């Protein structure tokens, strides 16, 4: 900041007294140099070391500085003594004596005359950073805040545009609005009292003080600008909206309510709040609510849709347990299970005593009452169906393979069970899929898709999407070679579920068929769902042999030809 040293005071002086000395040094003629500020700091160190006490205005007058040792420091002390003595006034001889306070309250007293003013120059970015660093921990409108800004103004003689830039750099938007309101009221009040050199016919005070030859008029505007910081309206202490974060056990509705209250208290009237609420309602939500919003494609949606998606979310609570070790007698052993109640009489199956009928060794398992509801095989119960093998492997067992961590969106056991019970037709294995996303046509929220384990990626027809969906060309390797003009990549997330209640899977990118022919559920979705396809064996396999028919019709019975289902090639 020019020739000014750091505003942080050296050891042996209070911040208010140090700011007074710096402001008094600004009135030296010629203007102070870096050596003058160095001499001033060396004088404070010398005074604190020799006098064994901090420097104050009453104890550190001009006589306390030895002449010729610290340069122009005696002139600085004399100027400060003259200004403060004229401002306070000497008490009369008949003034009643008062008991001094137990401590000297800190006070930053303004310098009435700034001396010879510097020529105007715009602040550099480095100087703005220095000013902000000095007052970042000070309250706006406090004495140290005002005195620091006054010193910065003395060195640069800023115009109203420079002061507005400084205000935007050091103050929050709320404080900027409050300061502008206070400054406008102060200018209107002073204009009514006829400012010195102000001509209403020449424009506003802001316009006239910006002229190169403004002189005292610019100084009056600067004083009003500083005075506006003192008159900032007091407001209750509210939590900034950027620090409001949803707690792990806090409902999403309460979190959004706190966010809206903070924005209403912090932002002035007329400032749009909806973009901030829409952004922070996802960014500051807890991890579980963020996963819900990601799965449903509502990351950038309005807050109303997010409230509907997370309204029924509740944290998973665990029963707390406290382990306390207390010295005392030996604790009893583990609790033994209660003995089973003996049967009241003999078993009605074998007519022997000692066991219940459900535990009778002569009990045999009869045939199932009907065919298996999964594979339609009448020879076994549902619990023994071989199609449940995949479920046992997922749960983990003696014959389970190595556990493969899914790509993302791990599913619960109940969700996996609802996926494994979807029947597939043999001729054309298809499943109903529920889709949602910003690029889908409104009518394509539910569709029938072909299950193809040979397709590496899921494919959608182009007529399911809006006209201007984000796309990039894709080269697909098929049976006939590489296709470069038929498929595109949809560059946008899409949410997919096999049942309306979920679970929901988010796919980052999908192949789009521009010929509108394929709707394929590929391995990318099947692996995310941890799905497996089980084909049961035939109950009565076909027999190859002679038929019981007339000789003219004797022949061999063959299986019907396999269905010709075009398979999407590996990519």
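Numbering starts at 1 and runs along the chain as it is shown here.
Cβ from N, Cα, C; glycine included.
According to Swiss-Prot, the active site, protease annotation covers 452, on the basis of sequence analysis.
According to Swiss-Prot, the domain 'Peptidase A2' annotation covers 447-525.
Residues annotated as N-myristoyl glycine in Swiss-Prot: 2.
Residues or ranges marked as motif 'PPXY motif' in Swiss-Prot: 100-103. Restricting the average to the motif 'PPXY motif' (100-103) gives a pLDDT of 40.
Annotation comment: Swiss-Prot describes 345-362 (among others) as zinc finger.
Sorting each residue of the zinc finger (370-387) by its DSSP state yields 5 helix, 0 strand, 13 coil. Annotated zinc finger per Swiss-Prot: 370-387 (among others), in sequence order.
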In three-state DSSP terms, the structure that residue 452 (active site, protease) belongs to: coil
Counts of helix, strand and coil residues, the zinc finger (345-362), according to DSSP: 3 helix, 0 strand, 15 coil
Structural state census, the domain 'Peptidase A2' (447-525) (DSSP three-state): 6 helix, 45 strand, 28 coil
